[in-house]
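Taking it in order: structure first as structure tokens, then the write-up.
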Amino acid sequence: MPPFSHVPVLADAVVAGAEHLPHHNGVLIDATLGGGGHSALLLERFPGLRLIGLDQDPTARAAAAERLAAFADRVEILATNFASYTPPAPVLMVLADLGVSSPQLDVAERGFSFRLDGPLDMRMNPGSDGETAAELIDRLEENALADLIYGYGEERLSRRIARRIKADLAAQGPYEGTAALAYAVAGCYPPKARRGRIHPATRTFQALRIAVNDELAVLDRLLQQAPDWLETGGVMGVISFHSLEDRRVKTAFLQDERLERITRKPTVATDDEQNRNPRSRSAKWRLARRVNGC
């Protein structure tokens, strides 16, 4: 398999979402291009669509360019974060898949994985000069770190975990890598709780990743800006993977006068898809339409 092999989640729901468009001759913005899986399906299904794909991860952009080579004359890939982008003209559809892709999780050097040992980094753009996860946990005081782990990870043991992390740093210096941090977090759980389907470090790693990449603030900017990108009748679809994201998307689609909800309740993966692709278990798809006069 190629180094950035990635199975798009809720693919049928995304393609079905494009059926709500008033026509299919215009621009699709994939705000989180990744490996290009969703975009490839949409370009194949709707020959009149043209793609502007945004991603700050150079590995993802290279993989997407390869995957979308058959549609090269209809594709533009930009090295940017969706929060800092504005399209030159109204577009038909905006798509965002908010999850960390499997290839990013499966490459130890990226520092996202608690199962594979790697540097404690977690930056979506590893070439940036932004703060790494290692620098973040070193900088924060114990109470602030606990608040972060609770607020962004919804981790009920956040105080105990923050205390353990700061004690480790004081006693032995920086963690050698992600495995050492994951081991420390797991040690804060009772032995029986360490054997569940969900790894004990999942919520803590989620919290650190969100903080390092300012993910919720970036999502808020997308939800504020993207409706203005759409032509009347155009649609915006978002795939979220945890409740912090989904609540924001749900609230924006419900309260934004520029939008009309198409999905009243989120679409989730079928049992079959969840069995084939465990990553899809927590995925939720919401879709809204741009309305006129706002």
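Cβ atoms here come from the backbone N, Cα and C positions, even for glycine.
Features reported for this protein in Swiss-Prot:
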- Gly36, Gly37, His38, Asp55, Phe82, Asp97, Gln104: S-adenosyl-L-methionine binding site (BINDING)
- 265-285: region 'Disordered' (REGION)
What count of other C-beta atoms do you get within 10 angstroms of the C-beta of Asp55 (S-adenosyl-L-methionine binding site), across all chains shown?
27
Chain residues outside the region 'Disordered' (265-285) and at least six past its termini with a C-beta under 8 angstroms from it:
7, 9-10, 13-14, 17, 99, 102, 237-242, 246, 250
When neighbour density is defined as the number of other C-beta atoms within 10 angstroms of a residue's C-beta, which of the binding-site residues Gly36, Gly37 has the lowest density?
Gly37
Look up Asp97 (S-adenosyl-L-methionine binding site) in the DSSP assignment and report helix, strand or coil.
strand
Return one of helix, strand or coil for Gly37 (S-adenosyl-L-methionine binding site), based on DSSP.
helix
DSSP-assigned states of the region 'Disordered' (265-285) in counts, ordered helix, strand, coil:
11 helix, 4 strand, 6 coil
